[in-house]
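K.L.:
Below you'll find the structure I mean.
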Amino acid sequence: MKLKPIEVAEILQKEIANINCLSELEEVGQVISVGDGIAKIYGLANVKSGEVVEFKSGVKGLVLNLENDSVGAVIMGDDNQVQQGDNVKRTKEVLEVPIGKALLGRVVDALGNPIDGKGDIASKEYRHIEMKAPGIIERTSVSEPVQTGIKAIDSLIPIGRGQRELIIGDRQTGKTAIAVDTIINQKQAHSLTNESDKIYCIYVAIGQKRSSVAQIVKKLEDAGAMDYTIVVSATASEAAALQFIAPYSACSMGEYFRDNGMHALIIYDDLSKHAVAYRQISLLLRRPPGREAYPGDVFYLHSRLLERAAKMSEEKGSGSLTALPIIETQAGDVSAYIPTNVISITDGQIFLESELFYKGVRPAVNVGISVSRVGSAAQIKAMKQVAGSVKLELAQFRELESFSQFGSDLDPATKAQIDHGKRLVEILKQAQYHPFPVEEQIVSIYVGTKKYLNDVPLQKVKEFEDKMLTEIRLNKKDILESIKNEQRITEETEQKLKAFLENFVKEFVK
């Protein structure tokens, strides 16, 4: 059988069309120099800022500097695996992390890879780590509370869903303890079936010791709080690039809950080390330094991160993302560059003082200079009823206390006010990892403000509170239930509470 030339050509064309090895064009560059986690690359003319590039060894890099004849990229991993002369190819992608409920209960690195030895994460959804913050129209004002379980905070510096409240203080003053207590306190809401009460938590460890992160994870597991928590870890031993991107990755994980009508709480521990990591990257990329050697855009570094926390409008599903950034100060200096930046970005701050901490006032919250600019709108009515006067009374007490150091003879009214102030300070003290339900906090603060503690010796206030709460849980549960359900203290409940407390104080003082 003879084939005509035209038929042969047709057969060849069909066969060629069926071959599955179409060539792909890849844009490739070369590493000119590498060191300190930074690679300088020549030849990637069309690469974009923020794009991911892949080195010969499989390690990924993030392009941050675009220069005339080269590109500066930070290496997200071990820079020993990158050699001078290695080929680098464009991926034409920006950084993405896995998101969704599959991450709950897991410990992941800054890129969303599991590091807890519990296998792969079955997440099908991915999200860019840098997302635009919601606009003004998409938001609504803060109106629902985030209960931290800490009396001093829930009564005096309340936090609302969608708020950004800074926790600031020197090292070893209990900043992380407040954050961990807040996570543990959400367990009660997660035991209920109502989805709108639940707050999912994300804890981001930036530049911390591995032992500290392991300790926190262990504490959360023991408290049964890991079921609704994601831990993102970029420890001190990891590349500065990973410490720099960790908060953005975690924020994207939190935005999944916010944008799907759920509620999330994210803790950045801490943004001082985040700024230091970014300063290191910027200086190595030879960007011009500014104040304290930080680059000029260090304000934008944190503002674009914290602006992503929001309470969404009804049209957008009414979800929320609440942020608790932590800043470590040096010798109580809140006027340094990074602390002032973050104070101006956030909606209030909880200031912890080492002096109070060493005096035994724990949590060591300085009530005088701590504020919550939007949280009071979210505070429940019952708490407003009992805690309205506490801040003023404590301020007056601090003033009188410092004044009384100079004079020994005080008139009875001043002495009574100082004694009352001391008991208020005592009732606001709280053990670590023991958050209180809000209805029990209300009863405790009611006892303090209504002067039921005046006859109780100062050193026995803690014992009084413990016994009183145990008694009320066992025999007067209806009082707690009423406060919890009504969210205010009704006249009937107040009468019951007064009668109970009068009897209890008599019995206790005997």
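Any Cβ shown, glycine's included, is placed from N, Cα and C.
Found this in Swiss-Prot, in case it helps:
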BINDING   G169, D170, R171, Q172, T173, G174, K175, T176  ATP binding site
SITE      S370  site 'Required for activity'
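Could you tell me the structural context for the features on the list?
P.N.:
All chains included, 20 other C-beta atoms sit within 10 angstroms of the C-beta of T176 (ATP binding site).
Sequence-distant contacts (6 or more apart, same chain, Cβ under 8 Å) of S370 (site 'Required for activity') comprise L156, I157, G348, Q349, I350, F351.
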K.L.:
Other than G169, D170, R171, Q172, T173, G174, K175, T176, which residues of the chain come within 8 Å of the ATP site, judged by Cβ distance to the Cβ centroid of those residues?
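P.N.:
Everything else in range on the chain: E328, L352, S354, F357, A364.
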K.L.:
Validating a neighbour-count step here. Other CB atoms within 10 A of the CB of G169 (ATP binding site): how many?
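P.N.:
Neighbour count, Cβ to Cβ under the 10 Å cut-off: 27.
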K.L.:
Find, for the listed binding-site residues R171, K175, the residue with the lowest Cβ contact count at a 10 Å cut-off, counting only other Cβ atoms.
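P.N.:
So among R171, K175, the binding-site residues given, the one with the fewest Cβ atoms within 10 Å is R171.
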K.L.:
Across all the protein chains here, work out how many other Cβ atoms are within 10 Å of the Cβ of D170 (ATP binding site).
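P.N.:
For D170 (ATP binding site), the 10 Å Cβ neighbour count is 18.
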K.L.:
Let me know the DSSP-derived helix, strand or coil state of T176 (ATP binding site), please.
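P.N.:
In three-state terms, T176 (ATP binding site) counts as helix.
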